[in-house]
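Enquirer: Relevant sequence annotations retrieved from TrEMBL are reproduced here:
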type: DOMAIN; residues: 397-462; note: domain 'HTH luxR-type'
type: TRANSMEM; residues: 42-61; note: transmembrane segment
type: TRANSMEM; residues: 70-87; note: transmembrane segment
type: TRANSMEM; residues: 93-115; note: transmembrane segment
type: TRANSMEM; residues: 127-149; note: transmembrane segment
type: TRANSMEM; residues: 155-172; note: transmembrane segment
type: TRANSMEM; residues: 193-215; note: transmembrane segment
type: TRANSMEM; residues: 221-243; note: transmembrane segment
type: TRANSMEM; residues: 255-274; note: transmembrane segment
type: TRANSMEM; residues: 280-302; note: transmembrane segment
type: TRANSMEM; residues: 314-334; note: transmembrane segment
type: TRANSMEM; residues: 349-366; note: transmembrane segment
Amino acid sequence: MDERKLSILVHSLFSAWMLAFLFEGRIFYALADAYEVDLAGMVFSAVAAVFAGLLLCGLFIKTKKAAKRLFLGSYLFSIAASCIFFFPPTGLWTAGIVASSFLAGGCVAAWAFYLKSGTPRNERIKTVADMLILSNIFMILLNVAAIHISPQTGLALAMLMLLCAFAFALKLPEEDSAAPSVSAGRKESSVSIGKLLVFLCLFIVIITINSGLMYQVVNPAFAHLEWLASWYWAVPYIAALFIMRNLPRRVNRTYILYVAISMIGLSFIGFLSFERSVAGYIAVNTLMLGAFGVYDLFWWSILGEMLELHKNPAQILGIGLSANVLGVLLGGLIGEAVTSADIHGPDPSLLALAVVCVTLILLPPLHRHLASLLKGHMYLSAFSEMSAQEQTDRIGHAARFGNLSERESQVAALLLQGKTYRTVAGELAISENTVKYYVKNIYSKFDIQSRAELINIMLKKEDAAAPE
């Protein structure tokens, strides 16, 4: 088994335990119901600990070898800590869940080392999708065991998955075997991604507030359908991941992001309108979890591409996913405050719709910023994956449409390959100022302002010319 498949299996087994038990999992809530205790404070403490682990991991884990050691130590500790939950609640429950959550957050961030070294650029979206799909399939098995057999059975199986993760993690390589991963024509130190990462994190926090509302408002409202939710809850999520993973590169995924935002809005409208029936649950959950599947893959894979731009991938993935957890935490706190008064009140759904509106405002500028940095990513552009002949044909057609000169066409072709002004100048034996002059002319002729818009021009003009 190669590094890519091995790392997917290890992280999927670990994530299944984390999703089914640690991170507001069905096993955890089933145990709480069995002992008739309110674990709200412990739940929020655990989520906060995951956030801290994600955020701080990159400060301590700086090599692949350290990441593997973190995996092995954390898995063994988490197996031991899980044993506490076979006994009635004590203060050890809180200590065990918080400590395990902190280490789990660190393990998620540290997986970035294996995502970066084991999977080539522009293929990480498939690696991430495979990991998320497998994790959720394992989680469903654990949920079904916890609900339909007993919480203790579900917990025992989750611990068995952790033990398997430990066994496979022993086989993970400790040294980087891949070639230097910094993109051609640019150095890590010269690429400033701070502003982009902050903007992406803001977007993630805002949209995942809806996830927190789901955990604290939507799921409890359908608690009487536990037999259905135990297995169907993650099915739309898995289906969305599978569809997005296998879409042809030429499909414009940007439009799908807008559709996913609309699905979130419709799901909360349905939550307001539908009865708490099987049909109502299926409709609301399908829309909501399908949309979350699209967006989880979106920012997981975007962060995966951004690993090329920093020497410590754990910092990039940890910071990005900590925004995800922060959104869930904020949404959960808001939902808890609202539901303490009236679980069927409209406030959570109205808040969710407001979040959808804000997200619609943020998505266009986010897309432009991302496109300027990650031109080859599936969610941003299909141009870079075309054959050289296809690129030449499209550039030629657009050049005729925009009345570009021969030199302007040459500059446009190199820009669309993701090359910097300096690289373009070197290949064409002209100065950088001359390149900027040609770029200004190109943008003026097409009435655009960015390279991302130029890519869209190249795609649209050719598509318009294609025979029916």
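Using the three backbone atoms N, Cα and C, a Cβ is placed for every residue, glycine included.
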Enquirer: Are there three or more C-beta pairs under 8 angstroms joining the transmembrane segment (255-274) and the transmembrane segment (193-215), sequence spacing 6 or more?
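Expert: Yes, these stretches are in contact.
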Enquirer: Restricting to CB pairs under 8 Å, which listed stretch, 93-115, 127-149, 349-366, is in contact most with the transmembrane segment (314-334)?
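Expert: So the stretch in question is 93-115.
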Enquirer: Same chain only, please: residues at least 6 beyond the ends of the transmembrane segment (349-366) with a C-beta under 8 Å from a C-beta of the stretch. Say none if there are none.
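Expert: Same-chain contacts beyond the flanks: 199-200, 202-203, 206-207, 209-210, 213, 257-258, 261-262, 264-265, 268-269, 271-272, 334.
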Enquirer: At a Cβ cut-off of 8 Å, and with pairs 6 or more apart in sequence only, do we get at least 3 pairs between the transmembrane segment (93-115) and the transmembrane segment (42-61), yes or no?
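Expert: Answer yes, regions in contact.
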Enquirer: Sequence-remote contacts (6 or more beyond its ends) of the transmembrane segment (280-302), Cβ cut-off under 8 Å?
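Expert: Those are 124-125, 128-129, 132, 200, 203-204, 207, 210-211, 214, 218, 222, 225, 228-229, 232-241, 244-245, 256-257, 259-261, 263-264, 266-268, 270-271, 274, 320-321, 324, 370, 374, 377-379, in sequence order.
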Enquirer: Which stretch, 42-61, 155-172, 221-243, 255-274, tops the Cβ pairs under 8 Å count with the transmembrane segment (127-149)?
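Expert: Per the Cβ count, the answer is 221-243.
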Enquirer: Determine which residues of the chain contact the transmembrane segment (255-274) at the Cβ level, with the cut-off under 8 Å and only residues 6 or more beyond its ends counted.
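Expert: Hits for the transmembrane segment (255-274): 207, 210, 213, 217-218, 221, 244, 280, 283-285, 287-288, 290-292, 294-295, 298, 346, 348-349, 352-353, 355-356, 359-360, 363, 367, 379.
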Enquirer: Do any residues, 6 or more residues outside the transmembrane segment (221-243), come within under 8 Å Cβ-to-Cβ of it, and if so which ones?
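Expert: For the transmembrane segment (221-243), the list is 26, 129, 132-133, 136-137, 139-140, 143-144, 146-148, 271, 276, 278, 280-282, 284-294, 296-297, 343-344.
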Enquirer: Per-residue pLDDT averaged over the domain 'HTH luxR-type' (397-462) comes to what?
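Expert: Its mean pLDDT is 78.
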